[in-house]
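Working notes, structure below.
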Amino acid sequence: MSSQPLNVNEDEIAKFEQVASQWWDLTGDFKPLHQINPLRVQFISQHIALQVEGIDSKNGFYDMQIIDVGCGGGILSESLAKLGANVTGIDMGTEPLNVAKLHALETGVSINYQKITAEEKALENPGTFDVVTCMEMLEHVPDPASVIQACSTLVKPGGLIFFSTLNKSIKSYLLAILAAEKLLKIVPDGTHDHDKFIRPSQLIGWAEEHGLKCIDASGIHYNPITGNHKLNDSLDVNYILCCRKL
């Protein structure tokens, strides 16, 4: 057994444990994740179709091995599994994983959920996955660079990794924390810590250090009135990356 401490923030885990029962409530605390999920799936699907030979998003992702790092209650994991992929979802939250497993049973979707860190999984299954997704997770761990390294280890050469997180900017504080948490109450107060947000240049730098090439960096714009999300060129607040393993 490794004596290295786990790359886990227990306070962050506890926050999501407390609200795990709401994960699949479309009007609850996780409503923003449900609203953003179609855009994430579209972004991932389009890049898989463009970058992976022999794959057409219209025909599904059958036989593809995808791992969803920090899967929580399984919103993205289920969407990818419904497209035909063989999906593994990993998280360190017991209750979110229990919710994810139960919901998968209810919907008849087959997903391999595991309570394990990205680093531990990388030691167990290096170079196993065609695609790795790591959505809205990096800002919740003590060492995001370690997670990026683990994701690079998990993916096959030529495979794709998708990251999404929040930029460490004044605008992200104003919109993601002051507006979304404290004024509009779109997400629970205390969900995010601006000090843990990550500048795109920093994330891309870590990715390159671990053998990844960023092939797309797009901003995600949220309209609080309509609840819709769309991609744009501004990385000021939410952003999503597609990287390829060299």
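In case you wondered, yes, glycine gets a Cβ from its N, Cα and C as well.
In the record from Swiss-Prot, residues Arg40, Asp91, Met135 bind S-adenosyl-L-methionine; the candidate from Gly60, Gly70, Gly108, Gly158 listed for the same site is Gly70. DSSP assigns Gly70 (S-adenosyl-L-methionine binding site) to coil, not to a helix or a strand.
In the three-state DSSP scheme, Arg40 (S-adenosyl-L-methionine binding site) falls into the helix class.
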